[in-house]
Amino acid sequence: MQTSPLPRRTKIVATIGPATQSKEVLRQLIQAGATTFRLNFSHGDHAYHQQSIRLIRQIAFELNQPVGILQDLQGPKIRVGKFLNDAGSVQLKNGDPYTLTSRPVECTETISSISYEYLADEVPSGARILLDDGKLEMLVEEVDTVARDLHCRVIVGGTLSSNKGVNFPGVCLSVKAMTDKDKEDLMFGLDQGVDWVALSFVRNPQDIDEIKGLIAAAGKSVPVIAKIEKHEAIKDMQAVLEKCDGVMVARGDLGVELPAEDVPILQKKLIATANRLGIPVITATQMLDSMVNSPRPTRAEVSDVANAILDGTDAVMLSNETAIGKFPVEAVAIMAKIAERIEQEDINPSQAEASRTSIPNAISSAVSQIAETLNAAAIMSLTKTGSTARHVSKFRPKTPILAVTPHVDVSRQLQLVWGVKPLLVLDLPSTSQTFQAAINVAQENHFLRDGDLVVMTAGTLQGVAGSTDLIKVEVVKAILGRGVGIGQGAVSGRARVASRPQAIAQFTQGEILVVPSTNADCVDMMRRAAGIITEEESLTSHAAIIGLRLGVPVIVGFKGATQKIRDGAIVTIDAQKGLIYSGALPPVSKG
C-alpha cells in the first residue's frame, strides 16, 4: 500500500459570496484546497447565511471532510450617509471645504452625515479623516460641538459614494466593538453552529472579554478571533492576543488606520506573537486581488502569499477573490499551489524562543524533536479540545500532525491550524485503544502504512485543555485480527499454522502456534512457543489454562485464524490488547 501525501500545512480561508453560492462551486473550492469558509456578516441577511451554512455542511459530509465555518461580524463601521442624486455620489476637489456631521442631513456636495453620535465630541481640530479605504482624505479645521459639525478641508479629492467607510487615524473613539446588530448576528451564528467567530475593530482585551461573555452566557464555547485593524489594538497587541483564541491580520483597515508602509512590519510582529502564544493566525486582504477579474495573479501577489507563509501564518485568506470574483476556484487552487511549493523549502520560522516552561509546551517541543530525529511518518495527537494539536503545531514540526478527536466541532476548528490533519475517531475507554483505532483510520485513508513510525502525544486528563503530558512511539502494523488476550506483553515470531496440531511435523523454539484448539498432545509445542493463537474462544479452554501456567502469551477467539494467517509468516501478538499484527516488533537498541 502506498501512502498518500498528507495535505499542505498552510490552511486556506475562502469568503462566501455571490460567486460561490452554488453547491457545485463550494464543492470545487473544498477540492481545490479551501479548509475554512468565511461568512461576511457585513453583507446578506440571516436567511442568506443559513443557506450557505447548510450547503457547506452538506458538501463536507458528502466529501467526508471536516470544513470550518468562520463567522465574521461587521463591527462598528462608521460610514457617510446616502447621496440622493442620480449618481449616488459627489465629486470632491482638493481644497474644497466640506462638513461632516452627526446630525441627520441630506447629503450633498458640501455636507454629509456620519453614523457616529459623538463625532464632534471626540474628533479634534487638526485630525486627519480618511474615506473609502483611504482613497479620499480631509483635514479637520474647526469643530462645532453645538451644531455637531466638523468643518473640514479636502486634502485628497475624488468620488465620494453613499455609505462609504470613514476612518480617523490616531483618534481614540469610544465606539463599542460590538453593535446591537453584531449581538443579534452572534446569537444567530451560535445557533447555527459556526466554528469560529471573528470580532472586527478590536481595540483592547475588554472587547474580547465582552464577546466571550456573550458566548458563555449562550451556553457555547466557540473560539474567538480578534481582527487587528485599529491602532489601539496594535498598542495593546500582547494583551489582546493573550485573550483571544486566534488572530486575523486585517490589512485593509489596518493600512488605513496606520501608514501603509508599517503594515508589513506589523504583519510579521502579529504572526510572531501569535506563533509564540500558540494561537492560529490568518493573513488577510488583497492577497490575490487581481484574480477578481484575471485568471492569474501578479508576481507581487504570489510573493505576498509566499512571504506570509514564510512569516509563519497558519492560514491565508481570500476575500473578494472568492466572494465576487470571476475565478474563485482558480484563486483557491493557485493559493494552494503557492503554499505547497513554499513548504518544500526548509525555511520555517524557528520556534526556539517559544516558551517551554509549561509541561504541555515541553512535551510538544520534545515530540517535534523526537519525530524529526526518528524520521517519523507522523505525529499523532489525541485531543478533545484541540489544545494538544495546537501545542504541537506551535513548534512547526517538519513531521505532519494527525489530530485525533471524537468531536466534530473540534475537527472543524483545527482546519485553521497549521500542519494539522483532523481525524474523527470514537472516544474509546483507553488512550491505547483510541490510538490504535486512529492508526487504523489513518491507514484506511493512506496517511500511514505498515512499518511507519508514529510519535504519539496526549493528555492523561482527557478533555482538560492544556494537560498534554504523554509521549509514546509506535510502529504501524497491519492488524490481522483480534481475540481475547491472556497473559502480558507482546511477542513476535514465525507463525506455524495447522488445521490440527498433529499436522505440524516440526515446531521450532520461539515460533507462534496457530491452531483451531489445543489438547494434551500439544503441550510440548506450547512449551517451546513464543505465543499461541486459537480459534476456540473459551477462557477456560486448554490453550488458555496451559498458556497461563507456562507464562506464554495466548490469544483465544480469533475466528478464522488458520485461514487468515499464512504458515511461515512473521506475526506479532499483543496479549494485553488482544490483537494480532503482521510483521515483527521493532528492534530494541542497546547501549
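We count from 1, first residue shown onward.
Each residue, glycine too, has its Cβ placed from N, Cα and C.
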Residue in ARG8, ARG9, ARG79, ARG148 which Swiss-Prot records at the ATP site where ASN40, PHE41, SER42, HIS43, LYS164 also bind: ARG79
C-alpha spacing of ASP72 (K(+) binding site) relative to LYS164 (ATP binding site), in angstrom: 19
GLY252 (substrate binding site) as reference: those binding-site residues from ASN40, SER42, HIS43, ASP72, ARG79, GLU229 with C-alpha within 10 Å of it: GLU229
Binding-site residues: ASN40, SER42 - member with fewest neighbouring CB atoms within 10 Å: SER42
Candidate recorded positions PHE41, SER42, HIS43, LYS227, GLU229, pick with smallest Cα gap to ASP253 (substrate binding site): GLU229
Beyond the site residues ASN40, SER42, ASP72: chain residues whose C-beta lies within 8 Å of the centroid, for K(+): THR15, ARG38, LEU39, PHE41, HIS43, LEU73, GLN74, SER200
From binding-site residues PHE41, ARG79, GLU229, THR285, the one whose Cα lies nearest ASP72 (K(+) binding site): PHE41
LYS227 (site 'Transition state stabilizer'): secondary structure state under DSSP, collapsed to three categories: strand
Cα separation, SER42 (ATP binding site) to THR285 (substrate binding site) (Å, whole number): 15
